[in-house]
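Structure, as structure tokens:
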Amino acid sequence: MASQDIIRRSGTSGMTPAAKGRNSSEQVAKLFDATKCNGCKACQVSCSEWNDLREEVGTFQGSYQNPMSLSGQCWTLMEFHEVMESNKLRWQFTHSACMHCADPACLKACSTSGAIIQHANGVVDFDSDKCIGCGYCASACPFDVPKIDPKDNKAYKCTMCSDRLAVGLEPSCVKSCTTGALRFGSREDMLFYSEKRVAELKEKGFPKAGLYNPEGVGGTAMMMILHDITQPDSYNMPVDPQIPLSVTLWQDWVKPLGAAGLIATAAVACLHKITVGRNIVEEDQPGYQPPEEEVKDKEEDDQ
Amino acid sequence: MSKHDKQEMIVRHKLFDRICHWFIVAVGLVTFLTGFSIFFPSFQWMGAIAGTPQLARFIHPIAGLMMCLPLMLLLVRYYHHNKWEKNDLKWMLAIKDVMFENEEGIPPIGHYNPGQKVLFRTFVVTSIVLTVTGIMMWQPYFAPYFSGVVVGWAILLHAICALIMMIFVIVHFWMATWVEGSVAGMLYGKVSKAWCRKHHPLMLDEHSDVEKKH
């Protein structure tokens, strides 16, 4: 889509950026308040409704969660985490979908120009038509979100309903949330709201409540209010997500050094050939005549 | 007729090895072009040899395997020529004389000189690493069996080995075209005795040994 509001584009040199003419739009954010979620799965269903996704019906895996992980046909998943504390069982729900990192590892790792883009509003989007299915985004993502669909070997993930956002609507999951656990608005508004909500939770007896907006990936456009910010792993969220070191080394070091190495080797080879000249075996040259046989050969040629 | 045809010739590369070599060149070219298009997104057009970017991604691992497996055959076939020998260190120290054709300063060597041995060993090691890491990152067949972290390191290693291999391929091409008679030797199998005397003097002894045995 030629949306002309692209602030970052995979596989594209900074010297030739994508169209960023319409880049004054506000940063948006989706806020998931885990302390308000009751696990009704309306978000998961409305995601599959709006995006026309139909994951195959699986089998019971000992959990209310279904399917057990995100996939090419499941971009939003209600995760059911069973937590035992002082001999009491409780559920912790995670609205699992793309985090829309400000500094997305998938986009950095992508092998194809423009297959992953970041819009001016912060949304990270896949252009499946360009995707070649290398899977680099899937292995790079610290949240394990992008999934390769075996059906067409292309990567898929939550788009934050970028098609709805483009016409001023909120994401379908937010629209259908029954408890107000999901909110959508400008990033500024969501930060303001979450600050008040976290303070409220602290008053209500959750001193460790906090906002999950990991700095390692530059913050995320999908933020979470957790009852215990010191243990995001109990919500199946990484404690300190980062762009993997392997991706940084590969893209920022190996690529430029490799290109320099290839060019330098070719340059030395050319210079050497021009400087030193041909390396020939005299005897092998056409018309070569051994000195002692010179006369005899001439006679043969004349005949 | 020129006197060229009357040169005494000896066999340097047998037919099977020549076929192996040029097969590797052909599929290697496809592997390189498609791989390069994935490594440097701006050069996606190089992968057009496969048709579309998607086909380039699909063909790359298959062409890569077709390149690496015959290379393993050549490893077996040329193993005995690539052992480290007495004169090799002296030759390496005289590398400046080799590059500038100061023939008096070059110690005599056999079928392969130490530079070629280093090249051969690099191709063997990188192709083994490329095969293993390539399988680990192969979508959609094998990559799902490994964790994202492991696949990430496999991708990095794959890129490093591919670059090392490419740099050595450039050196290989450079040397083969500089030392005239080498390409003909790999194409048609034979080199002149004069060529051997100049570039691989001890190979003549090896050759006469073989002749005596038969």
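Residue numbering: from 1, along the chain as shown.
In case you wondered, yes, glycine gets a Cβ from its N, Cα and C as well.
Automatic prediction, not curation, is the source of TrEMBL annotations.
If you look up TrEMBL, you'll see A:C37, A:C40, A:C43, A:C177 marked as [4Fe-4S] cluster 1 binding site. The secondary structure of A:C37 ([4Fe-4S] cluster 1 binding site), as reduced to three states from DSSP, is coil rather than helix or strand. Within 10 Å of the Cβ of A:C37 ([4Fe-4S] cluster 1 binding site) there are 23 other Cβ atoms, across all protein chains.
Look at TrEMBL and you will find A:C47, A:C158, A:C161, A:C173 tagged as [4Fe-4S] cluster 2 binding site. According to its DSSP assignment, A:C158 ([4Fe-4S] cluster 2 binding site) is coil.
The annotation [4Fe-4S] cluster 3 binding site is assigned in TrEMBL to A:C98, A:C101, A:C106, A:C141. Around the Cβ of A:C141 ([4Fe-4S] cluster 3 binding site), a 10 Å sphere holds 27 further Cβ atoms from the protein chains shown. Annotation note: A:C141 ([4Fe-4S] cluster 3 binding site) sits in a coil segment as assigned by DSSP.
The Cβ neighbour count for A:C131 ([4Fe-4S] cluster 4 binding site), using a 10 Å radius over every protein chain in view, is 25. In three-state terms derived from DSSP, A:C131 ([4Fe-4S] cluster 4 binding site) belongs to neither a helical nor a strand segment and is classed as coil. Here TrEMBL flags A:C110, A:C131, A:C134, A:C137 as [4Fe-4S] cluster 4 binding site.
Positions annotated as compositional bias 'Basic and acidic residues' by TrEMBL: A:293-303.
Under the heading domain '4Fe-4S ferredoxin-type', TrEMBL lists A:28-58 (among others). Through the fold, the domain '4Fe-4S ferredoxin-type' (A:28-58) approaches residues 64, 66-68, 71, 73-78, 80, 91-95, 97, 100, 121-123, 158-161, 164-165, 171-187, 190-191, 193-194, 197, 201, 206, 209, 221-227, 235 of its own chain, all at least 6 residues removed from its boundaries and within a Cβ separation under 8 Å.
Across the domain '4Fe-4S ferredoxin-type' (A:122-151), the prediction's mean pLDDT works out to 96. The feature domain '4Fe-4S ferredoxin-type' is assigned by TrEMBL to A:122-151 (among others).
Among the features that TrEMBL reports, region 'Disordered' is placed at A:1-22 (among others).
For A:282-303 (among others), the entry in TrEMBL reads region 'Disordered'.
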Remark   = CB-CB under 8 A to chain B: among binding-site residues A:C47, A:C98, A:C134, A:C141, A:C158, passing residues in order are A:C134, A:C141
Query = What binding-site residues among A:C98, A:C101, A:C131, A:C141, A:C158, A:C161 are found with a C-alpha within 10 angstroms of that of A:C43 ([4Fe-4S] cluster 1 binding site)?
reply = none
Query = Using DSSP, what's the helix, strand and coil tally for the region 'Disordered' (A:1-22)?
reply = 0 helix, 4 strand, 18 coil
Key: Proximal but sequence-remote residues of the same chain as A:C47 ([4Fe-4S] cluster 2 binding site) (Cβ under 8 Å, at least 6 apart)   = A:L53, A:W75, A:T76, A:A97, A:C158, A:S172, A:C173
Ask   = What are the non-local neighbours of A:C161 ([4Fe-4S] cluster 2 binding site), defined as same-chain residues 6+ apart in sequence with CB under 8 A from its CB?
value = A:W50, A:N51, A:L169, A:E170, A:P171, A:S172, A:C173
Query = When the domain '4Fe-4S ferredoxin-type' (A:28-58) is classified with DSSP, how many of its residues are helical, how many are strand and how many are coil?
reply = 9 helix, 6 strand, 16 coil
Inquiry  = Between A:C177 ([4Fe-4S] cluster 1 binding site) and A:C98 ([4Fe-4S] cluster 3 binding site), how many Å separate their Cα atoms?
reply    = 17
